[in-house]
Amino acid sequence: MEGTISRLYSPLFLSHSNLSLSEKLQSQSTSSPLMADAFSFRVRAINSSVIRDKVSISRPLKFVKRARQENSGVSRKKEGPQNPAKNKHKLNLEISPHRAVSAVRLMRIELGGAFADLLNEKGKGSGDNEMGYVERTLGFCTRDLDDRDLRLVTEVVGGAIRWRRFLDHLIVSLCHDEKTFRNMEPLLLQILRIGFYEIVKLDMPPYAVVDENVRLAKIALRPGAGNMVNGILRKLVLLKEKNSLPLPILEGDDRTRARALATLHSHPVWMVRRWIKYLGQEEAERLMMWNNSAPSFSLRANTGKGFTRADLVMRLNMLKVPHELSMHLDDFVRITTGMQIVIQAGLLKEGLCSVQDESAGMVVSVMDPQPGENIVDCCAAPGGKSLFMASRLSGRGMVSAVDVNEGRLRILKETAKLHEVEDVVTTIHADLRIFAEKNTVKFDKVLLDVPCSGLGVLSKRADLRWNRRLEDMEELNNLQDELLDAALTLTKAGGILVYSTCSIDPEENEERVAAFLQRHPEFRIDPADRYVPPAFVTESGFYFSNPVKHSLDGSFAARLIRS
């Protein structure tokens, strides 16, 4: 996988509706020192409560100092003040840098609540110095990551998260004791996941993988941990060479088959059962295979700054980045590799283009913003759709971007200036429900891109599948209804209300619109076929992108007219 782009590097990457309710209401950045402290505290808590008799990875410095001197032969000077410039003596050149960084990133995602896509670019989402996190967690740092290391980290972290259920099934099978797996230290488990992924899915030279991960476990934990990694990984190598990996068998009743499919394709069981119910088993399997495939990305040329798609194509050609024109949107180009080259060339920093999926772009097409219109984006941050709409206004009209997250709104405002559309974008920090109660202005067009499950973007958000529960669906449905009822009060008579999600789930899409229309008969459906290609229009007149059918993120939009 080429890499999910950091939202901090390109704040326009993900639709706001990709986030859960708790994420959406959270103004604390995952890259802050507070989050780092919370991560460290949680690691300590897990180690003290679950594995009291084992070495804690979060009290590393004293222990690892002794362990490294005894086992690795790497000497270090006496510790001084915690100044990164003075900590070069903690450098360990024996450890593979991509594996050390991958292990720490996986820890931060699983235990510290960080988002996987925030950690995919050097120095972004990791503080000023990524090795600071490595050193605090492992007790040493490695050499800085080069471009090849970065690609490997992105591949290994994304793959280990995406295939976590499958990898854990293999690890449990080779441990021959589920209790051993359950009580395993968090860092040790991440090292095993890395090794299993590299051997099973990346086909890396197996004994090199074994040696490197054993060394990491020995130096970061202790010799016994390295011996355990050695024994388990060597068993895996032998089974893979004999083509006899312990895979689950698809047999038994529906529930048992769903569990087997969930393991084989590494998804939560509740998602698999839900998709089989709505799509059938064959289509559900195709969807899971799509979610596990390497994602492609789309770039939107920033025409609001006078930078056309032809200009973007010329720059990509100069950079030798393979690309193809979007078949659906005039401003978009799709790339499968080379995103790091685009970032390093400064195209995003200069505001010449944005990372935005075509499925999100077509939601803006459903909105059909026109110069002179007064538009409100009700759940706007991080602002991809707001800025795309602003670029369509040609300097005439207004986009009011409302969001509860003040920090993400600040990024939106800064990016609007970078894209030279700040004259038509106004940011408003507010809960939509409160804003709608107090606001007296009616808008020509209202975009409500609601918080949702994000089940349409699992190919890009590898961690999202493990952060969703079946119980979340009812909570989200209730929130979506509340936000719809608030958004309608902002829509003038004859105005347009567009309800959108990045979900493929009928309960969040068609069923929410049907319930809304039943509560508010003054609204009617305006068929989307005038705004997007017919292949994306459902029988009911809604816009819907199907990941398997259209090779895009899954998204939905209903265009409603107020009579």
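Every residue gets a Cβ built from N, Cα and C, even glycine.
Here the Cβ of Cys502 (active site, nucleophile) has 32 other Cβ atoms within 10 Å, regardless of which shown protein chain they belong to. Among the features that TrEMBL reports, active site, nucleophile is placed at Cys502.
In this view, Lys385 (S-adenosyl-L-methionine binding site) is surrounded by 28 other Cβ atoms within 10 Å of its Cβ, with every protein chain counted. Per TrEMBL, the feature S-adenosyl-L-methionine binding site maps to Cys379, Ala380, Ala381, Pro382, Gly383, Gly384, Lys385, Asp403, Asp431, Asp449.
The annotation domain 'SAM-dependent MTase RsmB/NOP-type' is assigned in TrEMBL to 287-563.
The feature region 'Disordered' is assigned by TrEMBL to 68-90.
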Self-check item: Distance [Cα-Cα, Å, rounded] between Cys379 (S-adenosyl-L-methionine binding site) and Cys502 (active site, nucleophile)
Solution: 13
Exercise. For Asp431 (S-adenosyl-L-methionine binding site), list the number of other Cβ atoms lying within 10 Å of its Cβ atom.
Key: 14
Practice problem: Determine the C-alpha span of the S-adenosyl-L-methionine site listed in the record, that is the greatest distance between any two of Cys379, Ala380, Ala381, Pro382, Gly383, Gly384, Lys385, Asp403, Asp431, Asp449, in Å to the nearest whole number. | Solution: 19
Exercise. Could you round the CA separation between Gly383 (S-adenosyl-L-methionine binding site) and Cys502 (active site, nucleophile) to a whole angstrom and send it over?
Key: 15
